[in-house]
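> Sharing a structure with you now.
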Amino acid sequence: MDVEAKLPHPIGARYDAQPTVYTKRYSKRMALRDLITTALLAFFLLAFPRESYDYASDIATGVWRWPWTPRAVKTNIILLISDGYGPASVTFTRHFAQALNNDTDYNSGFQLALDKILVGQHRSRSSSSLITDSAAGATAFACAKKSYNGAIGVTPDGKPCGTVFEAAKRKGLLTGVVVTSRLTDATPAAFISHAASRAEEPLIASQMIGGDKNPLGERTLDLAIGGGGCAFLPQSSSVSCRQDDEDTVAYARQLGWDVRLAFPSNTSSDQLVRHGADLFADAQLPFMALLSPSNTPYDIDRVNVPAPLPLEPLSHYAQQALDVLASSRQNKNGFILMIEGSQIDLCAHNNDAACHAREALAYHDTIALVHRWVDAHTSKTERSLLISTSDHETGGVTLGRQLSADYPNYAYYPERLLNAKHSTPMLTAVLIEFVRAERAKARASGGGVSESLVRGFIRDKILGESGLGFSGDAQGGAPTAAEVDAVWHVVKAELVKPNTRENDALLAAASRRVRHTHTTRTAHTAPEASRLLGPVPGVNLDGIRRVISDIAARRAEIGFSTSGHTGIDINVYAHGADAHALKGNQDNTNIGDVITRVLQLDLDAVTRDLNK
């Protein structure tokens, strides 16, 4: 049998049982065909460009496309910032969550929502220090540039730098922020405003809504949910922290904003409060929900803090933001949303371990929610990316604390903090109010305040089951005499002061400050570590809080090296489109660079316009 006769015919060749012969005319036809094929391929690539095609990203998201397939119609980036949340705090949160689930052997393969998407770390230093503050940290994310501590969207020479929000808005994307702090606080401010100092919160509020106060003369923001209503209200309002008559809420409404307030403000928004209406019913962009005059309550206090409208956890507001942005008729190209677990940082500033853990758990719930949302919004026509990181670490958290000369002592006990009912600032406020009430009674009767009565209150209401939760063996036992003595020592200083109405008024002001119901005319311009805690002249508020915090930390054998920030590297987490771009150890400015590349933004053009 002729084996060669059974072989496949050469494609395009003539076969006549003779050796293949390519004629001159045939060769010309082949060349012409190849030329036409090449021209057609070039036409398709030019007519239907695939901008910055990324094979790795599409493989990771399970979406495969031809190189000439157009880029997805919508791209969404959700940047979550866990303010002040370092690697040790992540470990502490995991142990705390295990203890809540009665897994006190800590041997299971339990994972937090973030554990599943860890990709790298970033170096957090600012241009002015190896230890950054939140303003410089957020500016690195927003502008992809280093700046000095305190800088809001400006470079070290004080010039405004274009942010990813401003560039995204110009490209037709929607923008939004959700925070548990004030909307004018450093982290959200750096994405949507420009100021030489983070202390300029009234200016930041004015820039945020757009209009003539915005450096670009245009609106950068489409959605804002958070606290800090005091900076948006004129000084005539009882909850204002402005020192002028600007009514930023009224001006925002003139500019087309749908503004809702969840607290009494002596404005027309109080109608919403009185009727207990749904804060997000029929929300229209641009939309702003002001949840509280200052920062919102800590999550550990939230369920026990009276509010005209009940406040919800961070995950609730994140879901509302995603729903409003995604369903908006204005959403043609996607959006960028920044969500901040703001109070993680403040609890760490207070060295309040239980508060810190509860805020972190609320953040992880939000991560899980956004993770599911990203998966549901990844398709051939939509790309979504979750990024989570912190601006810095706060508190110098150490899981293990040497309490005696005995060495070694390899132990720490997160389960001892599970029953804490309130933050230590809230417990400080409760104690101050009790002392004030007892002073008033003593003044009316002409007697003195009973030491045994105050000691009993400290033992039962501050350290016991109603406060830090110390009771049975699981919490290390009932409050000890030494612990009660430590609190009594700092409280006694308030009791020996002249029993006057003036001194009681100072105590009342201190209590209001620490309960987050800021009602004075003093703007919040103090450093982060003392923002919620004073100063109230004549009241040792911070001293009381520090003692209570330290008692709780010693019970759990957790250490804090500072009430400020530290300079360690910070974990970076990512899931979704282009998540691989954040792998490894990187500078914090790379967060902004990746956002810029994924959304194909032009920050330089915005910067030029800002500096005209």
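Even glycines carry a Cβ here, placed using N, Cα and C.
Sharing the features that TrEMBL gives for it:
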- Asp83, Asp345, Asp391, His392, His565: Zn(2+) 2 binding site (BINDING)
- Asp83, Asp185, Thr187, Glu340: Mg(2+) binding site (BINDING)
- Ser134: active site, phosphoserine intermediate (ACT_SITE)
- His349: Zn(2+) 1 binding site (BINDING)
> Look up Glu340 (Mg(2+) binding site) in the DSSP assignment and reduce it to helix, strand or coil.
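The three-state answer is strand.
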> Which of the binding-site residues listed here (Asp83, Asp185, Thr187, Glu340, Asp391, His392) have a Cα atom within 10 Å of the Cα of Ser134 (active site, phosphoserine intermediate)?
Asp83, Asp185, Thr187, Asp391, His392
> Which of the binding-site residues listed here (Asp185, Thr187, His349) have a Cα atom within 10 Å of the Cα of Asp391 (Zn(2+) 2 binding site)?
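Of everything listed, what lies within 10 Å of Asp391 (Zn(2+) 2 binding site) (Cα to Cα) is Thr187.
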> Are there any residues at least 6 positions away along the chain from Asp185 (Mg(2+) binding site) with a Cβ closer than 8 Å to its Cβ? List them or say none.
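Spatial neighbours, sequence-distant, of Asp185 (Mg(2+) binding site): Ser134, Val179, Arg198, Glu201, Gly228, Asn295, Ser342.
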> Identify all same-chain residues not among Asp83, Asp185, Thr187, Glu340 whose C-beta atom falls within 8 angstroms of the centroid of the Mg(2+) site's C-beta atoms; report them in sequence order.
Ile81, Ser134, Ala138, Val179, Ser181, Ala186, Pro188, Ser342, Asp345, Asp391
> Whole-number Å only: compute the distance from the Cα of Asp83 (Zn(2+) 2 binding site) to the Cα of Glu340 (Mg(2+) binding site).
7
> Measuring Cα to Cα, tell me the gap between Glu340 (Mg(2+) binding site) and His392 (Zn(2+) 2 binding site) in whole angstrom.
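Given the Cα positions, Glu340 (Mg(2+) binding site) is 13 Å from His392 (Zn(2+) 2 binding site).
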> Just to verify: the residue among Ser134, Thr187 with the fewest other Cβ atoms within 10 Å, which of the recorded positions is it?
Thr187
> Tell me which of the binding-site residues His349, His565 sits in the most Cβ-dense spot, judged by other Cβ atoms within 10 Å.
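Highest number of other Cβ atoms within 10 Å: His565.
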> Among the binding-site residues Glu340, Asp391, which residue has the largest number of other Cβ atoms within 10 Å of its own Cβ?
Asp391
> Given the binding-site residues Asp83, Asp345, which one has the fewest other C-beta atoms within 10 angstroms of its C-beta?
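So among Asp83, Asp345, the binding-site residues given, the one with the fewest Cβ atoms within 10 Å is Asp83.
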> Below 8 Å Cβ to Cβ and six or more residues apart, same chain only. Which residues does that give for His392 (Zn(2+) 2 binding site)?
Gly84, Gly86, Ser124, Ile131, Thr132, Asp133, Ser134, Gly137, His565, Thr566, Gly567, Ile570
> Going by DSSP, is Asp391 (Zn(2+) 2 binding site) sitting in a helix, a strand, or coil?
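Looking at the DSSP assignment, Asp391 (Zn(2+) 2 binding site) belongs to neither helix nor strand, so coil.
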> If one measures from the C-alpha of Thr187 (Mg(2+) binding site) to the C-alpha of Asp345 (Zn(2+) 2 binding site), what distance in angstrom results, rounded to a whole number?
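That separation, Cα to Cα, works out to 11 Å.
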